[in-house]
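> Have a look at the structure that comes next, please.
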């Protein structure tokens, strides 16, 4: 940690200091003067003839130091021997020129000036301190109004504003000395310096206790916060007003002579000049006793000049330079992408680097790259020079330089020596995850392009269509070591996002391997038997046996005991060849490759080899199968011709059939049986099914096996092989080429009803082409926009997670989360074993129904244990998670589990936050770039039924069914579930039944897989009559709350509930349908005894007439759902962003806060009141307000459970956290984020999302401050909260009560403990203003802060080094203490007893060895 500040800028002579933290606070005028080396009195910069700086000007050499090293300005003293002499003629100290980068000056202001940051940055700090509004403050500061500072005995009040006339009148009325009023910054300064902070804090606390209402306490708390922060930090309020202005060193605002006698200067010099000019003029005016109005105007101008210097454009007009361009002020230097933080401190340029185009290098090994000789020569120059000198081939650097420039033969030999085993880093922009920079050993090549190994392309996301890559040379030994051990491409086989191999063959290689492992009937040599692989190779070479023939052969294998055995297999020569490359291992048997290998299978093979045979073997294996894949693809000669796209003969019959269907729907619509919306949905559905059907026919045709005359199997269709192997192309693209193009989407995302029936092979008609251009254009536009959005999301994620590092091995927490298989629409999308892989078990995992332990508590679940869990049919597993980790800073290794990129338990010092951010952000860009591949084809079609995904017995939970007139079972309950139970009594699947669904099975019935369980209408929500009777309309008045929609096309009318609140008469209506008893004429009552009534929501379609007889189970009304929109990652990226930003959705769901019964209370103007009466008497009932006209799915008297939705919609994550706790929130977030990525087929491990959610949950909101210093509504860290509460409990005071809150990633980043990190993220000025008022200390624990101050990051090797240094330092300290104790005891023995001689400070030489040892 103890890093050295090379020279202390404020005092270069002082010894080098080490620091552990950085504090930011307000500078007092005395502090500014102590930094300064002199006052700047003139606005001049340099003399235009001599180019020497003017004395007392902005570049004065007397104040800031000499212009040339060790030479005074007039040239009287030169060279080192006069170091430190001050020249008596020109007053310049003889020293290094670089002090001009460090020495500051100052300007004595003739009138105080307010610091604009503390005035205008919201909330205004000066305003809060004085309890004045910003508008009033500006009036005083810019000399419009007077303010009363000391009212005396008059009836004016403190802080009252007066205009000039009022002020003069008051002076006449009360006399000039009766009260004090003032104007300008002086007045504000007087008021600020008069504040007694402790007294104010006391008063505010008292007021807070008595304050009631909503706004008053908030306001008091705000003021109290700022007063407390001034007290704690030791700042004084009046320091927010400047009396002395610091001037930054001249080298930091340089003036550079251009050719032609002109100068380029930093804008700051202009801004400083304006300040000095106005300040000098003001001084002169005051001396001359100028009229008040003139002086006041000059003061106002001075204030404006200083404002512009600090933050140009924050107030008033922007000050522009000569070319109408706004001048860059001090704030602009820090802000934004081009500011100091992001441009220079976080984004430095690198020396020893070069870039060039990349080409493929298939003959390279995985750890190599081809480096052009020209580049290598340039990059390794210093190494070559030193080697040339060492060999005696040159005596000076100059000579060596000449040799290299001439490119003599010996230079090349030396270059070879230098480069041997010296890794270089290759990087491809955009570097979206850590695999975008990898280390390789360079191989010198002719030519000018870098050669890249084909297998690492997917990690870099590189292709060879003109991509460029950058090369960097690690110079120091440590850097070379890290490059080799951590970043070598061979050490990065697995992806950190999901733990799957990322070094995977693609395209040609996959095609070659697919072709190699094909098996065809009736080929030459079928049925032959071979004794060894060599024999097979011989037969292949001789042409006696075909690559794809079925043969029998023996091959060496390892059995489970580890002995070599020879086994016989029925296989093909191609597979045998591949099997011969497999490392010999019991876990990698020949069966692994004895099948048709598609891309996924190849990935599995590599994964298996990596897991069981070690890294070295797997890397060699990868290289070999790459070579084999390329070779075989080339030999196979698989090509692509237009005739390979087959159009099925059945296409037109299918299309015509659907055309007739669509005509029928049109007719139904004309007859008024269905609405426009329903017709649209049905048509779109029919066409999307038709398009799928045609595609299916095409695939069947193209994949059909054909035989030649001899009965031998023909080679499959080459396009089919490309797509089926996973090399290139997808069924969706083949469908467009050979099936029908399908439905298209409009630019706004709606699906056009008429599909494109032609495919590309047949050609499109003009209209079809026009329709298809929408999709294409939308795709391109989307791509451009999304790249930016995705990059910004990654940046926010990195910022929120950057200080999440593995800091300890085990935090010892008892908390955990429950993992279960992810199920989507009753289909298991990721099994339990996949979700718990690489996690640590929090409890013993038992075989269900027994006491047999599968995985013990605290064990890491690896592949083997995960398989055991699967075999045991465990349904739920408690696992440790970063969310519940209780480590002080960062997380612990046990809670995090396996490091996905290494396959072992994570190391201490791993920056898991950054890895999580990259893993989530990287696919964002990938996905966004992949929107347009399918060309905007709509994947329409809504699911409307559910089939059993497994065999088992049906079990209903909370059943509530009603049989309608047709004998169908209709679901009437809100929380009914249907579960499928297997023989062992384990629950295999549960489905939530929506209200109004038809159930096709009975309770306890056994079902086979594929049985239809229930169906529902995907387009409308029905409202169903519970009992039979007569329907009676209430408040459904035509023209007010009901509109009759007459369809022009059909002439049929429909009654639709319209928004009655918008009509003048409709304010108090409550439109509903009541079911009446036809005999008595009273409303029918349900089981709870309430009258059966159905409130209508806006846009509901009425299905019954007033007075019509209805039967139980009939539909009374239908509420339309949203139309089918296309699912595109467009929904995806913004969705992920809004989840991580924790935004409340527009119409968010209302979640029940506790178990209870629903009651409808008295209505407001346009809201309905729903109350939940809790079952538990101790709890209070909770009220919700719902806008009238919204559909409420619960009835009076319904029982709801905690967490049920009272109103449909997307839930707000804050509500989930508040009501159901952290684990429910985590599950919600993980499921929602994974949903988006899964749609794109991207796998991301859950733990990355958990790490980000953990960072969002770091703060607690104080609900009740108790007797602590914490304030209600304040956000504090858990550590801070615990500390404060412990103190309070020790002193017998009431502790504060708080609850965890969820912050969006932007908010969480801005509220981190480190102000340096927050300032470099966003809103720089606001963050720095706040931090300086509070006197914040940055402990430098995160990554960003350390990079900014120029240290190694406290993660990885940097963390290890600092840890070692700390241990060494502690040991030194103990040694020193021991020596000191020894010396003291010896001294005590030697000293005479009666009078102890005080040797004074001279004797301290023995003890103080600290200085000499401290590094």
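Positions of Cβ are set from backbone N, Cα and C atoms, glycine also.
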> Of the candidates 804, 811, which does Swiss-Prot annotate as part of the Zn(2+) 2 site that also includes 885, 892, 895?
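Within the candidate list, Swiss-Prot flags 811.
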> Output the one of 72, 74, 811, 885, 895 that, of all these binding-site residues, has the highest number of other Cβ atoms within 10 Å of its Cβ.
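Buried the deepest by this measure is 895.
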> Setting 463, 465, 467 aside, what same-chain residues sit with their Cβ within 8 Å of the center of the Cβ atoms that define the Mg(2+) site, listed in sequence order?
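Neighbours found: 358, 462, 464, 466.
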> Report the nearest neighbour of residue 467 (Mg(2+) binding site) in space among the binding-site residues 72, 87, 90, 811, 895, comparing Cα positions.
895
> Provide, as an integer number of angstrom, the distance between the C-alpha atoms of residue 811 (Zn(2+) 2 binding site) and residue 74 (Zn(2+) 1 binding site).
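Checking the Cα atoms of residue 811 (Zn(2+) 2 binding site) and residue 74 (Zn(2+) 1 binding site) gives a distance of 67 Å.
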> Which one is it: of the binding-site residues 885, 892, 895, whose Cα lies the shortest distance from the Cα of residue 74 (Zn(2+) 1 binding site)?
892
> For the binding-site residues 87, 892, work out the Cβ neighbour count at 10 Å and name the residue with the minimum.
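Looking at the binding-site residues 87, 892, the Cβ with the fewest others within 10 Å is that of 87.
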> Ranked by the number of other Cβ atoms within 10 Å of their own Cβ, which of the binding-site residues 463, 465, 467 ranks first?
467
> How many neighbouring Cβ atoms, not counting its own, are there within 10 Å of the Cβ of residue 90 (Zn(2+) 1 binding site)?
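Other Cβ atoms within 10 Å of residue 90 (Zn(2+) 1 binding site): 17.
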> Cα-Cα, whole number of Å: residue 463 (Mg(2+) binding site) versus residue 90 (Zn(2+) 1 binding site)?
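Approximately 64 Å lies between the Cα of residue 463 (Mg(2+) binding site) and that of residue 90 (Zn(2+) 1 binding site).
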> Compared by Cα position, which of the binding-site residues 465, 885, 892, 895 is the closest one to residue 87 (Zn(2+) 1 binding site)?
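The smallest Cα gap between residue 87 (Zn(2+) 1 binding site) and any of the binding-site residues is with 892.
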> For the recorded Zn(2+) 2 site formed by 811, 885, 892, 895, name the remaining residues of the chain with Cβ within 8 Å of the site's Cβ center, in chain order.
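Those within range, site residues removed, are 808, 810, 813, 880, 882, 884, 886, 887, 891, 893, 894, 896.
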> Does DSSP put residue 895 (Zn(2+) 2 binding site) in a helix, in a strand, or in coil?
helix
